[in-house]
Amino acid sequence: MKVKEETLKNLGDGVVLRPVDHCSSIWSMKMNMKNFLKKLHISPNQSDEAEGSISTTKSNHHKSIDVSSSSSPRSHHSNSPEIKPFSGLSNWLSSVGHRKIPSPPNSFNAKNRAATVDDTVVVNGSEHVDLGSKDPAVEEENQIQLALELSAREDPEATQIEAIKQFSLGSCAPENSPAELIAYRYWNYNCLGYDDKILDGFYDLYGVLNASSAERIPPLLDLQGTPVSDGVTWEAVLVNRSGDSNLLRLEQMALDIAAKSRSVSSSGFVNSELVRKLAILVGDYMGGPVVHPESMLRAWRSLSYSLKATLGSMVLPLGSLTIGLARHRALLFKVLCDSVGVPCRIVKGQQYTGSEDVAMNFIKADDGREYIVDLMGDPGTLIPADAAGLQIDYDESAYSASPGDNDSIHVASSSNGIESSYEENTEFRTGEHRSSTKSSGERNQSGGGGDLIVHPNISREDVKNQKKVEKAPFQNLSSRPIHSFTHMRSPSWTEGVSSPAAQRMKVKDVSQYMIDAAKENPRLAQKLHDVLLESGVVAPPNLFSEVYPQQLEATVESKNSTEAKKERGKDLETTQEGRHQNGFGPVRFLPPLPRVQSKTNAHDQRDNGKVVSQSDSSHSEASSTEYARTVPAAVAAAAVVASSMVAAAAAKSANSDSSPIELPAAAAATATAAAVVATAAAVSRQLELGSNSDGDDGSGGHEPQGSGDSNHGPNSGGERISDKSIGNESSKSDCDDVSDCEILWEEITVGERIGLGSYGEVYRGDWHGTEVAVKKFLDQDLTGEALEEFRSEVRIMKKLRHPNIVLFMGAVTRPPNLSIVTEFLPRGSLYRLIHRPNNQLDERRRLRMALDAARGMNYLHSCNPMIVHRDLKSPNLLVDKNWVVKVCDFGLSRMKHSTYLSSKSTAGTAEWMAPEVLRNEPADEKCDVYSYGVILWELFTLQQPWGKMNPMQVVGAVGFQHRRLDIPDFVDPAIADLISKCWQTDSKLRPSFAEIMASLKRLQKPVTGSNIPRPVPSSSSLPTEHEQKD
């Protein structure tokens, strides 16, 4: 039987279906549809509830939210309007072909859709059949209708697959506005990317609505219709410029700021200064800097109650919030950035920030780097995203269901979030976005929208015309943020991954110590920013495989400085590796293991030491030196620039009778981050000659041992200050190579992995019958100049010989097996020996260990050029089979990926760092003395320094609150006095290692007291332990 050629129309959808002329076709489609419905697990007589209901049904993957208790499911009387068994599904299927991605819940625009649904469908031109009936014939007609809709698609099979996927995801109707789509994405995924623009109609819903597991955001109309009540546990903020004059005024102010910012942008693009001004505008409008979180929280609650009572709605206009918490400020900042065309990303929630009620903004400044914008503690401060990657396991019980209660926990921690990324000159990765640092011209074409060229007469329309707001489509499941995986760093190379106990540490407020310090020091946030900015610099483009050649042109200065640097490499005869270059720990991101976002932080603290040069070269220009004095921190991403600046400063210093030049922190930080590209090629050649003068010191007393463990300290091998070479001798190093210390990878038998460090893995190995430790770098893509600098470091390390320095045996200098081979020390690190449960170290042995460490450090400080460790800590002191302590990780600190705030291991780095280093102030070799004082404290208290604090808290306590570890009464007074001297705030008052050695030797012979108090965890009173004989 043929079906008449007429249109079958679904009145709820308005979809016109094509006629089918043959029974066989109809029957085939009916059978296919039945199979399709079976796949969807939908029975033919199943009916849907009204889509306009606020209480939505539970789905597999999402949580539903009950907004109003007054709404209820629609009754199913025959004379009541209702959604027919398949009309809703048909509507949904018909939209699949037009929709690329999931959309918000089908509760949106429910009222409009319900009005268009009719109770009947025309069949054969005359019959009106109630779709709610149980008539099999009607059910078959419905199946035919669905099959016909599918057949109208270009690719029915692909459409079915997409339909099943979307249905399982609980997708929504296609009639939603772009603003609703973005609101749903922000609510569901907790983040909006650089491409996502906040439009009128966007609303941010926060709070616990019900315990259902379905994930459907309620429509705005339902939220606005909810009566004001103290019992409501959610809040909503609406962006609606047409009804929010305050928001319009703020946007106009932002446009005015953008117009004026052109004068401070040398490249013509919006720079970080504009971002700071926008942040200040947001902070000032929403209550100013947060000094007392409790007061801010009380003010917010008072304003919230007042607005709800005045407006008679639970939905508050964004512009009406003159007091704002972190999530409100972040939303306003994102809106203002969108209005002026500044790329901005916003994230919120536990996954990104460590708290459900905190939101943060990320921007890409004119240097191509990504920064977290502080809108709370010190509005306008930019913190590099890679330097805030602190990882903490939060106590879930600390967060209550009420948004008001949640507010009290992290009200002032918007910039202290836990989400970290590694963009820099590498690729930034989150689950939804991956960006690379590009040149200024390229950023205009990037996904983030790029920088906006601002003209003095800029207006709102100009901005809109120049940067059209694109309707952000719903991304697929890959847009869900990928959970961050941190490459764990152990205190010692031989100790493996960090202990679970440290990772289980619960912290209610990651920034509590910083907040306390801020009360005493209003400039704390800015200072902290400087510290983090220092530590988050990344290596130059040609260093890693993830970086592409075109990124080398990130700035004009970068390109020019690179050429100048090559020129100096041919002619410059001075060695200018200043102390600040020694920190060159490349803040590299995650190993090429899983390509996930890496969490790192600034471990390398580059000290602004003096640049001393004894050569007579004068090839640098005064202008370069002047640039070195004034270089802004934003240029730190171009590592090559810093090397050129250091060279220029050194050359000028050589021709001047005045005191040596101290470079600014930015130059030091840049050099530090340059992995093994710390200096120019000429410097590498000079270092070879400089090493010859002192390389044999102490060689006779060396005893073979091995250890290759430990995380290489941030500034170790780069600590050379000067070189004695002059004249034509420097050219001889051109022909020098590392062939005499190069080891072929094939000659090494690699065994089990014994450690996981900050820049690689450590394996136990055998080399020609000798037990060795093989430190294999995670970054195997060093080429050209970077590889040459690595070899230069190898040349320096091979010259060091001392009984208390870990023996360097050779290196594999050819990718893909770049490795360092050292002696193997079977007892591992001093840290592990001190803090293991059954410690058998008596006082006499610990005193000898302290003396060993002092001898090793005194040797490094006596080298010419001087070697400053800058990451001296008990995990970097290794113990051989004879209990002799040796210093390690002083030569390859530039290879470090992790930084002092990023460690999740039981021993970070901030715990041992000097306060001036934590504050990003100029530091010299005396910073090692402070670190040694902490090691002394460890040895004679047998406790872990700052064991109950995370690294960020240590930064605040030591660096800004001037706190020191408590020295127990049972510690020998002479030792206690020596520790106190090592911890002097003024580094000039700290003793040298020679003086420390003299003090310890006086204590070595007469050992008084046979009982050693033993520490008890979380107790100030320590029991005693009988002295063990050697």
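Glycine is no exception: its Cβ is also placed from the backbone N, Cα and C atoms.
Some features that Swiss-Prot has for this protein:
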type: ACT_SITE; residues: Asp871; note: active site, proton acceptor
type: BINDING; residues: Ile754, Gly755, Leu756, Gly757, Ser758, Tyr759, Gly760, Glu761, Val762, Lys775; note: ATP binding site
type: COMPBIAS; residues: 44-58; note: compositional bias 'Polar residues'
type: COMPBIAS; residues: 399-419; note: compositional bias 'Polar residues'
type: COMPBIAS; residues: 426-435; note: compositional bias 'Basic and acidic residues'
type: COMPBIAS; residues: 458-471; note: compositional bias 'Basic and acidic residues'
type: COMPBIAS; residues: 560-580; note: compositional bias 'Basic and acidic residues'
type: COMPBIAS; residues: 613-625; note: compositional bias 'Low complexity'
type: COMPBIAS; residues: 1007-1023; note: compositional bias 'Polar residues'
type: DOMAIN; residues: 748-1003; note: domain 'Protein kinase'
type: REGION; residues: 44-84; note: region 'Disordered'
type: REGION; residues: 399-474; note: region 'Disordered'
type: REGION; residues: 555-625; note: region 'Disordered'
type: REGION; residues: 689-736; note: region 'Disordered'
type: REGION; residues: 1007-1030; note: region 'Disordered'
Averaged pLDDT score, the domain 'Protein kinase' (748-1003):
84
Where Gly760 (ATP binding site) and Asp871 (active site, proton acceptor) are concerned, what is their Cα separation in Å, rounded?
17
So among the binding-site residues Ile754, Leu756, Val762, who's got the most Cβ atoms within 10 Å?
Val762
Near Asp871 (active site, proton acceptor), how many other Cβ atoms are within 10 Å of its Cβ?
32
Within 10 angstroms of the C-beta of Gly760 (ATP binding site), what count of other C-beta atoms is obtained when all protein chains are considered?
26
Assigned conformation of Leu756 (ATP binding site) - DSSP reduced to three states:
strand
Fill in the CA-CA distance, Ile754 (ATP binding site) to Asp871 (active site, proton acceptor), as an integer in Å.
21
According to DSSP, collapsed to three classes, what secondary structure does Val762 (ATP binding site) have?
strand
Residue pair Leu756 (ATP binding site), the residue listed as 'active site, proton acceptor' - Cα distance, angstrom, rounded:
17
Rounded Cα separation (Å) that holds between Val762 (ATP binding site) and the residue listed as 'active site, proton acceptor':
19
